[in-house]
Each structure stands twice: as C-alpha cells, then as structure tokens.
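Going by TrEMBL, these are the annotated features:
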ACT_SITE  B:SER149  active site, charge relay system
ACT_SITE  B:ASP226  active site, charge relay system
ACT_SITE  B:HIS260  active site, charge relay system
Amino acid sequence: MLKNSVFLVCIKKRKATIVTHCCFQSEIVMTRNHLQGKVAEMENFAGHLEEIFLTVEENFGRREQHLEQHYNDVLQTLSQRYDERAAGLEEEKKSKLEALYRQLLACGQALDASKELIETAQEIYRSRDKRLFLKVCPDLKLSTHLELNTPLADLSDVKTMMDSINVVPAPSAPVINPQMPNSATQTSLRVCWSLFSDDTVEYYELYYRPVLEDMPADSTLPSPPVIKQRECTSCPEAALIRWESGNTNPVDSYNVELSEMGTDGTESGVTESIVAVPTCQCLIQLQTGQRYLISVRAVNIGGPSDRSDVIIVSTTGTFFHLLEETAHPCLSISEDGFTMFYGDEELSISAMAFDDNTFTRCVAVLGDLIPVRGRHYWEVEVDDGTEFRIGVAYMDTERSSYLGANNTSWCMRHILTPTRHKYEFLHNGWSPDLRITVNPVRIGVALDYERGTLSFFNVDLEQHLHTFHCHFQSYVHPCFGLDNPGALTVHNSIEAPEYTFT
Amino acid sequence: MALTQVSSNKCAGGFQKVFEHDSTELKCKMKFAVYLPPKAETGKCPVMYWLSGLTCTEQNFITKAGSQLAAAEHGIIIVAPDTSPRGCDIEGENESWDFGTGAGFYVDATEDPWKTNYRMYSYVTEELPKLINANFPTDPDRTSISGHSMGGHGALICALKNPGKYKAVSAFAPICNPVQCPWGQKAFSGYLGSDRSTWEAYDATVLAASYSGPQLDILIDQGRDDQFLSASQLLPDNLIAVCSEKKIPVVFRLQPGYDHSYFFIYSFMNDHIKHHAKFLNA
C-alpha cells in the first residue's frame, strides 16, 4: 500500500510536470521490479505457512487417535478390575453371612437346650422326691460346678424327712424365744416359741437334754449372715432387708428377728420373728413412726446361727439409697451416698464406662425405693444455679433418653435461661406451661400410689408446685439428674408434712 | 341487718342459698349467694369469698363454676356477692357493660355521682364478712378469697391490702395491672377521678411491689386462648415480674386452649378449692 500511494503521488506529479517524465519512468520500472520481487517472496512465505498448517493438522489427528485408544484401554482395564473386586467381595460377604447364620442356629439350639434343661431341672425340683433332683443335678451340662459333697449319713436323714411328707407340708422349725427372766424354778422351766404363720401344726414335740459342760462346738452350725446396709430400704409401713449368706456351711433358711426400740433407745426384747425365709431378702410389715432393731440368723439342720449385726430401721419416713450402678459416669456420689455431683471437668471417652444399667445421655441416677404401694415422701436440696431433673421413673426407663422425655419417667426440670428461671413438669416430653415466682431450693416430692399422684412442693414456703396424675402400673423409683455442673442432695426418712397428702 | 332468703336448694349434701339484704355501704338492696356444706350443720366452717367478673351477678358462679362438690368435701362455706350496686338510678349507670352496673371493680368510689353507692371494696371486705359471720356458722379467723377477671383483681387487691386477713388467695384470669389496661383506666378514672396516684391503691401489681405481711401463696390460672389476654386487659406478666422480684410466691399456670369463660373456671375449680382448703383447714 505504501508503494501504491507513492505511485499515485508520482502520477499526480506527472500531471503537474511533464518535463520530468523520463527520469520518472526509470524510477517506476525499478519500483515495479522491486514490488514483483516482494510479491514472489510473499507467495513463497504463504506456501510455507500452508505446509506448516497441514503438518500441524496431521499431527493433531494422529494425537487424537492415539489418546482415544489410550483412554479406551484405561477404561477397559478399570472395569475389568472393578468386576474382579466386586466378585471377590460378594463371595466374602456370602461366606461371612453363612458363618453368622450357622452361629445363630447354634446359639438358638443352645438356647433351646438350656431352656429344656431348666425346665427339666424345675420339674425334677418340683417332684416330691427331692433326692431325684440331687441325683440328676450333676448331669446338667452347665459351666457352674454343681456337685454336692453330701455325706451319706445326711442323706438318710433327708430320706426320713422326705418320707414323713405326706399330704400336709411339714411345718417349719419353730423358733425358741430367749428365756424370760423369772420363768424358771428349780423344778420347772417355761419355754416359749414362735411359729411360721403359714404352717399347719397338730402338736409340738419338745425335746430336752441336760447340757454337759465342755460340749464340743457343733461344726455344722451356719455362720451369721451379713446384712447389706446399703441395700436395705424402708417406708412408714414396711422395711425391705437384704443380706448375704456369708456361709460355706449349708443354710436351709433364715430367720429375721425384730424388736421395737423404746423411746429411750433400749431394746424391748425379741417381739417378733419371721422364720423360714428362703431367700436373702425379706419385706417386713411395720408400724408407722417407730424404730426397730432388726437382725438375721441363718438356719440349717444343726440349728440357728448367731445373730447378724443389728440394723436400725426407722419408720418415720421413706428411706432409700441411690442405685450407684445406674449413675452416669460423669455423676459422682458422696461417701454417705446422698449427695451427687456433676463436675466441671470433661471425662475422656475411655473413662466413661457404660454398661446396660447406667444412664448414658442424661447425667442421672435412680434411687432404690421400697416396693410398697403406699405413700412416699422425700426432699431434694438444690442450688439456685443448678439445672436439674427430679422425679420418678420405672426401673426399666430408657437409659439413653432424658428423664421426662419418655412415658416411663416423670420429673420436675429447672432450666436457666438468660432472663429467668424456667420450671417444667415433664412426662413424655410434654410439660404444662407455668411460672413460679420464688425459686425452690428444697423440693418435696410426694408419691401416692393409691391415688396415682406425684406432687412437687417448695418445702420452705409449703407451696404446691405441680401434681402429675398417673396410675403407676409397676413400682417407680426416685430419679435425679443434673443438666449442668452442680450438686443435689437427697434428704430421706422425713415425715411427710401434713399438706403433702391432703 | 335482716336477711331475706331468696332461694334455697339442696346441693352436694349441703345447701346453695341466695339471700337479699339492705346494704349500708351501697345504700341499696343486695343479693349474695352462700353455699353451706354438710359440715356447717354440725360445726363452724371456714369461708371462701368469690368475687365475680364484669356483667356477672351472684348467679353465674353458683350455676356454672361447679364448686359445690369440692366445697362440701373440704367443708368450706363459699360466699359469692353481686358485682356492683343495683337500681341506684345513677345517670349513665347502665350505659356500658364495663362500667357502672355489673362493673363495680371492687373499689370505693370518690367521684360524683358514684361515691355514695359504689363502695364495693368496703362492702366485700367489711360489711359482707360481718353479715356472714353474724348469720352463718363460720370461723372468722379462717377466711380466704378468690375470683375471676375483674373479681380476680378484686381478690388480689383485697388480699394484698389486708395482710393476714385472708389465709389464702387465688384467681382465674385476673386483671393484674388495671392502671395499665383500658378496662381499668376507664373504671378508675370514672370512680376515682383523674389523679392516677389514687388508682394505685387498687392495683395488684403496684400493691405487690410494696406488700409486707404474712407469707402469701397465690395460685393463678389463665387460659392461653383468652381473648382478653391477647387484648392486654389482664397483663399477668407485670404481676409475675413484680412477685418474682419481691419473692412473693405465685404459681401461674397458662392453660392451653382455654378461654375467659366459666367453662375454663369449671375445669380448674377443684384445684383452687384444694389450694384454699390447704390453708383454711391447716
């Protein structure tokens, strides 16, 4: 273009001056030649470009083909491998399932076998000839050792006793009361005994023999049982006493002896005994508002053991201990067993030992309330700043759920909100909407099985807070939970104030 | 102080009666209802006064609240007066349902033309108890008070203004802070005049803030679907805030689904009588 414009300028100039025509012509020729040269050069360049383009295109095509092939190869390999793996896993799964099923079958069979065994054992046990049971027992394939090294002489005794059982069951051994002062003269002796009320007795046979000095100790006498203080519970109408046999000698039954304690703290002699208790616990009906001294003796054919240690039971109010085995791992319980703490420090997972009986989510614990369908009252001391749940629950209440969130627990809940203290009375996750203007720091809980009520009171104000109405189908137990770090103290053995059961 | 028996019906083993008398405080004939439990035939019984709400007479409570069985069980005499003087021929007395007849608001009016007759506070705290104690087998030392809406306001102020006079107090959907609500403002400006400081002597929330006396234990039930709660006529939150601060024991129960009617009162009457019995029979 530049050349062209020069050319045009030249033309214009030619118009202007014809004189200089000749010298211009030679210049034009030169320029034309020059231009022709340039055009040839450009054509050459274009040719080169075309060649390069073709080469590049060809190369791309080849590359594409190559990549595609490679990609297909990879895909094929992958799918092949996937199929192989899947097949492997399927087989493994199948074999594992089969193994599990076999185990399940074996387990079921074992269960059936055990059941049969138990039934057979029960049947044999129920049959009149008790010796059959003893004979068959060693055949039971149980892991526990069941062989009894009964001396032959004892067996003959048993046989005579067995033969004497006809229609009426033999009465239990009467219990001879301690000798009363002034009940004997030089020639006579008054002997008193108590009998087990379920027995039918035609007559008593009284045996006696003179006591020889230095009589050898009878080695077959059982040793005294040990009362489990922490597992004894009571209410105004009754007490539940639990003990350990503490015996290696055979024990036939236990006798529970109780005596009322006078106001001056003195014992008034054995006033009542419950004999032939077959198990290591006994529910005793008592009078309200008294104090009793209770002890246990183990009895076998050789006679009764010495008295166990004495436990004092007061029937002014309901008394129970906490079931520490139900406590959430974060809940610690004081030595006296009545104050529980939820500490600030976080427990590591490994330190949280849960078993089937512990609360796993709600930091809570159950109390061991006596199984008596009467009236029970206890108090709980709380702190204004503690978020708590207090109430009752069935023994089988879900351990992974919060108290009050299910239909097996009833509780009063205190929640701290940024603006106020909130109180809920929760059952099955629902609470009535109510406001309480004075925060209770000592809460009275009154349970009445007969009326089917569970009431809460502010003890300091004698103020009624709420009553649940529910006919508790089975026995309930006190429950206590903490929703934030803090403490709760249970107060037991308190006489229910008059306003609680009106 | 002669009483004329208007009606007598055997009820729950006792008697539901209505009497009429000439009131010296109100200067008109007044009716009141009295329930006498079976126990009143043989001995002295405690008395619970029931103050009714706007537009009510002595009839509403005794025909709708279902209180008699529980009163018989606990041996409590229940006295239910009318809610205002009647037939005094005061101009404007019958113009509106929330002022004048049926709306005495349990105050002693100081303004003309109301001050001669509208002395419901003195009537329910002085004249009526004297009359009851003189004519029925009561134990004057065992008295309590309860009421509904305007009567709930009445019950609360009677208890707060007379420490120790009433052994127990409870209320259904009470007007808790009348100086702050339209009903109260209309009634108080009419009966007491424009000086708001005189209104405070009849306002439960104001009275609670300065209460000193024997420990109270107040039970209040309130329907959550009460139209007058949402219309800010009742204002229970104000009373609860003051009682929380002053540590006056209140249990306030917001009952879902219930309105302002006697159906609501009937539903919780037993709880209230039991609450009164706890203190009256202690």
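Note: Cβ is positioned from N, Cα and C throughout, glycine not excepted.
A map of TrEMBL features onto the structure.
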residue	record	DSSP class
B:SER149	active site, charge relay system	coil
B:ASP226	active site, charge relay system	coil
B:HIS260	active site, charge relay system	coil
Statement: Counting every protein chain shown, other Cβ atoms within 10 Å of the Cβ of B:SER149 (active site, charge relay system) number 25
Task: Quick one: pull the CA-CA distance for B:SER149 (active site, charge relay system) versus B:HIS260 (active site, charge relay system), whole Å only.
output: 8
Message: I'd like the number of other C-beta atoms within 10 A of the C-beta of B:HIS260 (active site, charge relay system), please.
response: 21
- prompt: Which ones in the same chain are close to B:ASP226 (active site, charge relay system), with CB under 8 Å and 6+ residues apart in sequence?
  reply: B:ALA173, B:LEU234, B:TYR258, B:ASP259, B:HIS260, B:PHE264
